[in-house]
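**Student:** Grabbed the feature section from Swiss-Prot, which reads as follows:
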BINDING   H62, H64, H144, D215  Zn(2+) 1 binding site
BINDING   D66, H67, D215, H273  Zn(2+) 2 binding site
ACT_SITE  D66  active site, proton acceptor
Amino acid sequence: MQVTFLGTSSGVPTRARNVSAVALRLPQRAELWLFDCGEGTQHQFLRSDLRLSQLRRVFVSHMHGDHVFGLPGLLASLGLSGNSNGVDLYGPDPLESYLQGVLRNSSTRIGYPLKVHRVRDAAEQNLIVFEDKDILVRCTPLTHRVPAYAYRVEQKPKPGHFNLERAQSLGIPPGPVYAALKRGEQVSLDDGRVVDGRDFCGPDRPGASIVFCTDTVFSEAAVSLAAGADLLIHEATFAHSEAEMAYQKQHSTSTMAAQTAAEAGVGKLVLTHLSPRYAPGNPVTPNDLLREAQAIFSNTILAKDFLSFEVAPRCNSS
């Protein structure tokens, strides 16, 4: 999985940072997933190496404008391109009526299947939001001024490495049989033997896990959702000195994000959703927020627009 930050500012864009959007590229399935879609996100796509035509799913944290104002235009542009097989959207209850209203009142025809999934029940009941043979997605309610949700994306474990030499030594013929054994399945051979793929594969290889957490003040629910994740993307709207304002506005400080990462035992923390007040040259800068967080959780980095990197399970990392 590859993460690309398309917007890392809170509230309004700045010259250096657009508002919230994070892309998750899944190369093995030629898909792109998007987490939030602030105004101008489709322009950020044009400045990146991402392909909008690969967009398959959009996960919306909450309905504040800096997280959703870019969505109607992006979906409309995807429709004009004529090469989408459909998009599934996941988010708060008002998401569907918001999109329907904008598209209807602007006489916009999408031209491809568009389905909206409400996540409130899944979040409150700890149910799975999305699952297929490779990936599952969970979510949890956050603490914000409007209903907001954090999302966790997990790759399912894959069978361990196949012991080819052992299969050959037992006279198992190559071909489709090997493919089934690699999947850990039981196979009946032509000579009557039944072999179990699990006997030919090493331990399962864990998949990577990513948590997207915004907007919220410090939340125990977020700690639970992020437990053991390889990557936590967490809002850090305010510096520690603005903790009182953070509580009032129900946003996180840099230290709240770091506390979440530390308590959850994640592999890496990325700070995003930074207030424009912390622009370089001001009394407090983004690097100050980074230092505050690193004092609590050392493996913390600062997001910037177009930052992109691969996310791998920690046990497979160098």
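Cβ from N, Cα, C; glycine included.
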**Student:** Near the Cβ of D215 (Zn(2+) 1 binding site), how many other Cβ atoms are there if near means within 10 Å?
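**Tutor:** Step by step: centre on the Cβ of D215 (Zn(2+) 1 binding site), count other Cβ atoms within 10 Å, giving 26.
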**Student:** Fill in the CA-CA distance, D66 (Zn(2+) 2 binding site) to D215 (Zn(2+) 1 binding site), as an integer in Å.
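**Tutor:** Rounded to the nearest whole number, the Cα-Cα distance is 11 Å.
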**Student:** For H62 (Zn(2+) 1 binding site), write down the residues of its own chain that are at least 6 apart in sequence and whose Cβ falls under 8 Å from its Cβ; none is a fine answer.
**Tutor:** G91, P92, L142, H144, V146, P147, A148, Y149, D215
**Student:** Under a criterion of Cβ-Cβ distance under 8 Å and sequence separation of at least 6, what residues of the same chain contact H67 (Zn(2+) 2 binding site)?
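**Tutor:** Listed in sequence order: V19, S20, D36, C37, G38, V60, S61, T214, D215.
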**Student:** Between the Cα atoms of H273 (Zn(2+) 2 binding site) and H64 (Zn(2+) 1 binding site), find the distance and write it as a whole number of Å.
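**Tutor:** It is 13 Å, counting Cα to Cα.
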**Student:** Let me know how many other Cβ atoms fall within 10 Å of the Cβ of H273 (Zn(2+) 2 binding site).
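**Tutor:** By my count, 29.
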**Student:** For the recorded Zn(2+) 2 site, enumerate neighbouring residues of the same chain (Cβ within 8 Å of the Cβ centroid of D66, H67, D215, H273, site residues themselves excluded), in sequence order.
**Tutor:** S10, G11, V19, S20, D36, G38, S61, H62, H64, T214, E235
**Student:** Write out the long-range same-chain contacts of H64 (Zn(2+) 1 binding site), meaning residues 6 or more apart in sequence whose Cβ is under 8 Å from its Cβ.
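**Tutor:** Residues satisfying the criterion: V146, D215.
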**Student:** Count the other Cβ atoms sitting within 10 Å of the Cβ of H144 (Zn(2+) 1 binding site), across every protein chain shown.
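**Tutor:** Taking every protein chain into account, the count is 21.
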**Student:** Other residues with Cβ within 8 Å of the Cβ centroid of H62, H64, H144, D215 at the Zn(2+) 1 site?
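**Tutor:** Other same-chain residues with Cβ inside the cutoff are S61, M63, H67, L142, R145, V146, A148, T214, T216, Q250.
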